[in-house]
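Peer 1: Sending over a structure as structure tokens; questions will come in a sec.
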Amino acid sequence: MYNLARQLLFKLSPETSHDLSLDLIGAGGRLGLNGLLSKSPAKLPVSVMGLEFPNPVGLAAGLDKNGAAIDGFAQLGFGFVEIGTVTPRPQPGNPKPRIFRLPHAEAIINRMGFNNLGVDNLVSRVQAAKYRGILGINIGKNFDTPVERAVDDYLICLDKVYAHASYVTVNVSSPNTPGLRSLQFGDSLKQLLQALSLRQQELTQRHGRRVPLAIKIAPDMSDEETVLVASALIESGMDAVIATNTTLSRQGVEGLPHGDEAGGLSGAPVREKSTHIVKVLAGELAGRLPIIAAGGITEGRHAAEKIAAGASLVQIYSGFIYKGPALIRESVDAIAAMPPAVR
């Protein structure tokens, strides 16, 4: 069924297709119909960040920026759903066109630029949703907020989403907001993490529960830079790391239509680069901090490869666009087939 739907959707522009798909998934969720689209994955519970996940395969942030279809995505069988990236104030993002399909490479290039309706709108949608499973909320800074004041935006968002999230992801790795990736390094990272940790402690006391914080990093770092990030995450008491966001590299899409468009590349071409980051992180973290792997999962075996590399959970986005809901079950089954000692 999804193959037919994809053929029709791919005749539309990528952003129109995205918006229509989101509307349909949202409507299906409200009517309770989405469970009919694919067989529910087997139960494969896993405990990560002190949370109990029904299975380790989640929806990556970016597909549902405003929380418009939380119930719909949950009904498809995801073990957890991450929405956002959301910013303190609404913003339109970059000019269109800003999403490009590269079907021969099972890839997507986007330069969306954190287009969203703002954190207050997102919170209202979360409150209206029926879903009571694991919900991640991904937060970022507004385009016109100077990088030097980015911490203010993250703290505003953290304050507002804290009571409504199972965990919060701090996005410092989108390539489509100028200067954002500089927050991954050196004193900028340490100052941000320190501020987040202090605010997390305050909010824990205020709300009576500790909401884990995950940091989402880019795939375009050297091993040495990745090790430094890992050390900073441990030192600051963060709860998880998500590896990775999209890449600025164009390896694997050279010469393809739209292959030279500006923006972040996701899908199959980022798989090896992302998995390498997971391996480096796993070696440095040595189990002290869980890894959530994202990047290039287009088949179930790719999810298993991420787990084998050291991840505890995986997320899909571009693979979901190309393969549909069946990829969720396929990924859960592939992980379930791994020897327990490996997963």
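Residue 1 is the first one shown; counting continues down the chain.
Every residue gets a Cβ built from N, Cα and C, even glycine.
Marked as FMN binding site by Swiss-Prot on the basis of sequence analysis: Ala61, Gly62, Leu63, Asp64, Lys65, Thr85, Asn138, Asn171, Lys216, Thr244, Gly267, Gly296, Tyr317, Ser318. Taken from Swiss-Prot, the feature substrate binding site covers Lys65, Asn110, Arg111, Met112, Gly113, Phe114, Asn171, Asn176, Asn245, Thr246, and the record attributes it to sequence analysis. Sequence annotations record features per position, and here Swiss-Prot assigns active site, nucleophile to Ser174 based on sequence analysis.
Give me the structural setting of these features: burial, nearby parts and distances.
Peer 2: A C-beta separation below 8 Å, combined with a sequence spacing of at least six in one chain, links Asn138 (FMN binding site) to Ala61, Gly62, Glu82, Ile83, Gly84, Thr85, Val86, Val168, Thr169, Asn171, Lys216.
Note on Asn245 (substrate binding site): other Cβ atoms within 10 Å of its Cβ, all shown chains, come to 28. Classification of Asn245 (substrate binding site) by DSSP places it in coil, neither helical nor stranded.
All protein chains included, Ser174 (active site, nucleophile) registers 25 other Cβ atoms within 10 Å of its own Cβ.
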Peer 1: Out of Arg111, Asn245, Gly267, Tyr317, give those binding-site residues positioned within 10 angstroms of Ser174 (active site, nucleophile), comparing C-alpha atoms, in sequence order.
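Peer 2: If one measures from the Cα of Ser174 (active site, nucleophile), the binding-site residues that come within 10 Å are Arg111, Asn245.
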Peer 1: Asn245 (substrate binding site) to Gly267 (FMN binding site): how many Å between their Cα atoms?
Peer 2: 11
Peer 1: Using Cβ-Cβ distances, find the residues under 8 Å from Arg111 (substrate binding site) that belong to the same chain and are at least 6 apart in sequence, listing them in sequence order.
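Peer 2: Counting only residues 6 or more apart in sequence, the Cβ neighbours of Arg111 (substrate binding site) under 8 Å are Asn94, Arg98, Asn176, Glu261, Ala262, Gly263, Gly264.
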Peer 1: Quick one: which residues besides Lys65, Asn110, Arg111, Met112, Gly113, Phe114, Asn171, Asn176, Asn245, Thr246 have a Cβ within 8 Å of the substrate site's Cβ centroid, in sequence order?
Peer 2: Gly62, Thr85, Gly93, Ser174, Pro175, Thr177, Gly263, Gly264
